[in-house]
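Peer 1: So TrEMBL lists these for the protein:
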type	residues	note
COMPBIAS	1-27	compositional bias 'Basic and acidic residues'
COMPBIAS	37-48	compositional bias 'Basic and acidic residues'
DOMAIN	80-266	domain 'Reticulon'
REGION	1-49	region 'Disordered'
TRANSMEM	91-106	transmembrane segment
TRANSMEM	112-131	transmembrane segment
TRANSMEM	185-215	transmembrane segment
Amino acid sequence: MAEHVENSDPKGESLMEKIADKFHGGDDSSSSSDSDTETKKPAAKEEVVAAAEPSSVKDKVWRLFGREKPVHKVFGGGKPADVFLWRNKKISASVLGGATAIWVLFELLEYHLLTLICHILIISLAVLFLWSNATTFINKKPPHIPEIHLPQDPFLQVASALRIEINRALALLREIASGRELKKFLGVVAGLWILSIVGSWCNFLTLFYILFVLLHTVPVLYEKYEDKVDPLAEKAMHEIKKQYAVFDEKVLSKIPRGPLKDKKRE
């Protein structure tokens, strides 16, 4: 019996060792999987941070005039923006061609506005009158002349927008005249002086046509090459700010400021 017990003990021990080895193997595999997940988490975090960095860099890119919206949204995002940015090339080309034709008529051919309107009305009325009378002889229907009524709302909206802009301009001029903002004062004086020089070179119609052509060319070119224009504009603005700081320190800071004339009303 003792020999049988001694012979059975090694088998029991071998079974226990196998079971223990299986448990230890499971623990090792679970610990290795946990360690793998722990090592993967920081890697995933680093990938998220690396992916987020370019977007943050793009958000911090300096844009001309400090704009945060696309060029199309700056122009209102409607049909005028589509015309200025050549979304529909036929409409944009026709608008620019019409403006060019008007400028050629009035500036190069020296046609007068009142004369042009009268000639257009004479030709239109003559054609419609003869056509209406000729239909009785050729047995055809007379031309349908539609009734034209101008809506009230667009004119009210335009008038309201003009009123708001005029009030803003008057408020700005009042603020400048009160002696508060020397920087704005110098900017407005410089702008008016440049405008007076340009006005001596050409008349109002030519100036309006130049601005109209610029509105149809500069925005679309800027939208196409904004990634190249913005860095150059940023460098130029930094240089202008440096020069202005020097000018402010040497000249503007020595000019006495005017007293504030506005009083608070209780």
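Glycine is treated like the rest: Cβ placed from N, Cα and C.
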Peer 1: Please compute the mean pLDDT of the model over the domain 'Reticulon' (80-266).
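Peer 2: That region's mean pLDDT is 84.
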Peer 1: Quickly jot the same-chain residues contacting the transmembrane segment (91-106) by Cβ under 8 Å, restricted to those at least six beyond its ends, or write none.
Peer 2: 82-84, 112-113, 116, 205-206, 209, 212-213, 216
